[in-house]
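Trainee: Below: one structure in C-alpha cells.
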Amino acid sequence: RLANAVTPLWRLPYQEQLQVKYERQRKILQTLASRLEELGIDAQKPGGLCCPLQPVVPSPIINGYRNKSTFSVNRGPDGNPKTVGLYVGTGRERNIVCVKANHVENMPSKHKQVAQCYEEFISRSPLDSCILFHEGGHWRELVVRTSSCGHTMAVITFHPQQLGQEALATQKALLKEFFTSGPGAVCALTSLYFQESTRTRCSHEESPYQLLHGAPHIFEHLLGLKFRISPDAFFQVNTAGAEVLYQAVGELCQATGDTVLLDICCGTGTIGLSLAHQVSKVIGVEVVEKAIEDAEWNAAFNGISNCEFHSGKAEAVLPQLLASWEDARPLVAVVNPSRAGLHYRVVRAIRNCSSIRRLLYISCKPEGEAMRNFLELCCPPDPRKKLAGEPFAPVLAIPFDMFPHTVHCELMLLFTR
C-alpha cells in the first residue's frame, strides 16, 4: 500500500511510465488551450494543445534518485507509536498509519538507514513521540539530505512542550552521542541538526536549526559547479535530472553575451549560476534567507562575479526591481516556484515589464496553481487587474521526469511575446 501511495507507477516498466506521464501532460496542455479559448485567445494547435509538446525527457537515474526524504513519526500498522516512515491512509477516513519505507524504490538506502537508526534511538528514549501537539510528546519528523559527494545531513524536529533548557540539553547530548559513538554512527552523518518546533513547520528564522554535530552544510556538484546546501534550502530532489533540466533551460533561454537572466524563486542559485557563463548578468530572488546566503557563497566559491541575489518574497522584491528597470540589455526570466505557483503581483510585474520577451516557467504541478499563472500571463490586457503589458503566448512544452515511479513530472513551458 505504501509503494502504491508514494510510487504508484512502480510496477510499470520505465518506458510505460514515461508514456503515462506524456499523456498526463498532454491533457494539461489541452486544458490550458481550452481555458485560453474561453478568454478569446486562439490557442488551439494540432491535437488540441496550446503548443507543441515534446516527449518526456527521461531521468538519468531511475531508482534511489531522491537526495531529500522526509520521514514522519506516528503509529505503525502494529500500533507502535514510535514508527519512523511514511503515511498510508487519510485523515478523513481516520485510518492513517506510518509504514517503514524500506521497500520504496525512489529512496536511496542511506535515507532508509538513517530512518531506521532514528527509530532505534526514539524507541530507547523515555520521551514519547509527538503525534498530536495537544496530547504532548516530543519526537517528531526526520529530514535526510544526501549528495553525490557522499555527504549526509539529518534534521530532527522536536516539540519541547514544557521541557526546560537543562532537559533539552540532555536530549540533544543523547542524540549526538547516539549518532556519533552509538549505533547511529554507522550512518556516518556529515551534519546532525536539531530543531525545536511547536508548529507543523517552522522556518530557520522562527526556530533556528541547531547544529549538534559535524559541518553546517553539505555540498553537491552540478554541471561542473560546487553548491553548498543548508538544512532548509531548496534543491531539486533529483540531482542528475536537474542537470538535464538546467542544460535545456540554457538552450531555450537563447541567451547572448549581453542578456540579463532573472532567476525567480532561485533557491541556492543553481539555475542562475549554471547559466552565468552564458549571460552578462544574473539576478536571483528567493524568500528563504539561508538559501540566499548559500547562493552568494556558491557564486563566490565558483568564482562567478556577475550574479546578484535578493532575499525576500518575490511579490515584494520583483515589482520594485522591474518598475525601475531601464537596462537596455535583453531580459529573460526563469521562474521555478513551489506548488503554490507565483503570487499574482509577481505575474503582474513580469507582464508589465516590456523588456521581458522570453519566459521559462518550470512547474512540478502544472495542473494546480501554475495553471492560474499561465492564464494570467497569456490573457488580454486587463486594466481592472492592472495587467497592462502585452500578453505572452506558450510556444513549447517539455516535460522532464524528475520523479520516476510517481505520476509527477517537471513541466517546462516556454512563453514568448
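In case you wondered, yes, glycine gets a Cβ from its N, Cα and C as well.
Just so you know, TrEMBL annotations never went through curation; they're auto-generated.
Pulled these from TrEMBL:
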ACT_SITE  Cys364  active site, nucleophile
BINDING   Gln236, Glu286, Asn336  S-adenosyl-L-methionine binding site
DOMAIN    258-321  domain 'Methyltransferase'
Trainee: Quick check: which same-chain residues outside Gln236, Glu286, Asn336 lie with their CB within 8 A of the centre of the S-adenosyl-L-methionine site CB atoms?
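Mentor: For the S-adenosyl-L-methionine site, the extra neighbours are Phe234, Phe235, Cys265, Cys266, Gly267, Thr268, Thr270, Ile271.
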Trainee: Can you grab the distance from Glu286 (S-adenosyl-L-methionine binding site) over to the residue listed as 'active site, nucleophile'? Cα atoms, rounded to a whole Å.
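Mentor: On Cα coordinates alone, these residues lie 17 Å apart.
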Trainee: Looking only at the domain 'Methyltransferase' (258-321), what is the model's average confidence as pLDDT?
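Mentor: Summing pLDDT over the domain 'Methyltransferase' (258-321) and dividing by its length gives 92.
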Trainee: Pop the Cα-Cα gap between Cys364 (active site, nucleophile) and Asn336 (S-adenosyl-L-methionine binding site) into the table, whole Å please.
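Mentor: On Cα coordinates alone, these residues lie 9 Å apart.
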Trainee: To the nearest whole angstrom, state the Cα distance for the pair Gln236 (S-adenosyl-L-methionine binding site) and the residue listed as 'active site, nucleophile'.
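Mentor: Per the Cα atoms, Gln236 (S-adenosyl-L-methionine binding site) and the residue listed as 'active site, nucleophile' stand 10 Å apart.
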Trainee: Looking only at Cβ atoms, how many others are within 10 Å of the one on the residue listed as 'active site, nucleophile'?
Mentor: 19
Trainee: Please find, for Gln236, Glu286, Asn336 as listed binding S-adenosyl-L-methionine, the greatest distance between any two Cα atoms, in Å.
Mentor: 15
